[in-house]
């Protein structure tokens with residue numbers, strides 16, 4: 001969800017002439033399969049790691065603990081190797097992001113998506129054919145490299161190829177596909193769990209479907225006009241712009257892209273610029289949003305939903321079905337965000353979700369504290385239904401708030417000269433904390449037990465207070481006017497803008513004085 005280039009929108013809020021052409025729709029659908037692949041990789045690991053056949057092959061110690069009554073219910077799955085299987089993907093994605101930023105800028109968005117597709121396919125082959133733990137981890141690392149490249153190129157591709165009036169909807173298409181990928185993975189797991197002893201291989205191998213779709217799509221789609229112009233291919237860029245907009249009247253948009261490219265190329269040290277005082281509010285908010293997004297606990301629940309439900313005493317089939325239910329809630333609630341984000345605003349969604357997530361996690365913690373002990377996991381039907389309902393309530397509130405908005409807000413607040421660097425930092429911080437949570441969650445569950453939900457609910461309280469006092473509303477504010485309309489009006493962040501403005505004014509006065517002399 002980052003980009004290694006620049007984007008352009010009309011500086012005066014003018015609508016450029018553009019039709020919604022078939023080539024745009026097809027290109028966006030093909031590109032968004034990168035989100036499908038990411039979601040499938042997120043969702044598949046939890047179901048696979050709850051399958052006895054998979055554990056017997058790679059983690060026999062975990063299987064023995066699972067089958068014995070001696071071990072605490074909360075500690076059955078506490079294994080660093082098992083957590084590394086899940087988390088290695090995100091560490092690889094973090095590393096790959098640095099290379100993907102370069103290829104997105106130098107080779108273009110299309111070629112970067114093609115590289116991602118190749119990584120995905122090779123990773124799927126390694127995972128599906130894995131004979132030992134090393135082969136399994138290598139496969140996950142290759143998938144992680146694909147995630148790093150796809151998450152860098154696909155959202156940028158979507159935002160650049162789409163006409164302005166549907167850009168927001170098409171951008172959230174990537175996030176929507178992530179949730180669909182998670183749901184698809186949960187449905188696959190619920191079926192393959194009944195196929196012995198190789199059902200887990202089928203689960204991991206079916207990731208080849210979205211991987212193949214992304215690779216084929218990258219072969220046939222056109223690169224974006226922005227990318228072509230950025231690399232000096234102006235005539236080709238104009239021709240592509242005419243084709244995707246369905247009109248010959250593209251001169252105003254073409255000139256604006258050329259100007260945006262010129263300005264972006266004048267920025268020699270975007271990461272250094274990012275640290276300047278005037279850019280500090282955007283940087284602080286972008287970094288904290290990524291940290292907070294992970295400390296909602298969402299990825300812990302989405303990675304390990306079947307394992308978590310198993311721990312709570314659900315039988316294997318029931319745990320996978322419960323994970324399917326939460327996956328479906330995730331998809332539907334993301335659609336709520338698409339509808340509401342530009343109507344009610346970012347802050348309202350985040351604050352409402354904060355209350356909903358906090359209460360649902362507290363209820364889960366209380367139920368587990370009373371009903372699930374180290375040795376007894378008999379929740380009972382009524383309590384089990386309540387836990388699933390509360391998990392769904394929690395997932396729903398996340399999916400219409402911190403899920404898409406954790407990415408949307410940073411992408412619309414960075415100024416042009418630091419947008420590429422800012423988005424790279426955003427992705428890196430997100431993947432780093434995704435890795436940390438994925439690697440630590442099962443161990444935390446073992447040591448904290450039901451209090452793991454109290455831990456995450458405390459963080460939800462912290463982030464809601466931050467949103468209340470420090471996150472300005474960016475609804476319906478053009479990116480170019482963000483400084484004047486948002487940062488300079490905010491009670492806390494305006495001091496950073498005033499300081500910068502002071503120097504600008506002094507600089508202008510000195511120029512005027514020198515000219516007069």
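Positions of Cβ are set from backbone N, Cα and C atoms, glycine also.
These numbers come from a predicted model, not from an experiment.
If you check TrEMBL, you get these features:
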| type | residues | note |
| --- | --- | --- |
| DOMAIN | 27-475 | domain 'Major facilitator superfamily (MFS) profile' |
| TRANSMEM | 20-40 | transmembrane segment |
| TRANSMEM | 81-99 | transmembrane segment |
| TRANSMEM | 111-130 | transmembrane segment |
| TRANSMEM | 136-158 | transmembrane segment |
| TRANSMEM | 170-188 | transmembrane segment |
| TRANSMEM | 200-221 | transmembrane segment |
| TRANSMEM | 283-307 | transmembrane segment |
| TRANSMEM | 319-341 | transmembrane segment |
| TRANSMEM | 348-370 | transmembrane segment |
| TRANSMEM | 382-403 | transmembrane segment |
| TRANSMEM | 424-444 | transmembrane segment |
| TRANSMEM | 450-471 | transmembrane segment |
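Counted over residue pairs 6 or more apart, the CB atoms of the transmembrane segment (424-444) and the transmembrane segment (283-307) come under 8 Å in at least three pairs, which marks the two as touching. Mean pLDDT for the domain 'Major facilitator superfamily (MFS) profile' (27-475) in the predicted structure: 87. Only pairs six or more apart in sequence are counted, and the transmembrane segment (283-307) with the transmembrane segment (20-40) gives fewer than three Cβ pairs under 8 Å, not enough to call it a contact. Away from its own ends, the transmembrane segment (81-99) comes close to residues 2, 41, 45-46, 49, 58-59, 62, 119, 133, 136-137, 140-149, 151-152, 303-304, 424, 427-428, 431-432, 434-436, 438-443 of its chain (Cβ-Cβ under 8 Å, at least six residues beyond either end). Touching of the transmembrane segment (348-370) and the transmembrane segment (450-471) is concluded from the presence of at least three CB pairs under 8 A, sequence neighbours closer than 6 excluded.
Three or more CB pairs closer than 8 A are found between the transmembrane segment (20-40) and the transmembrane segment (200-221), so contact between the two stretches is assigned (pairs 6 or more residues apart).
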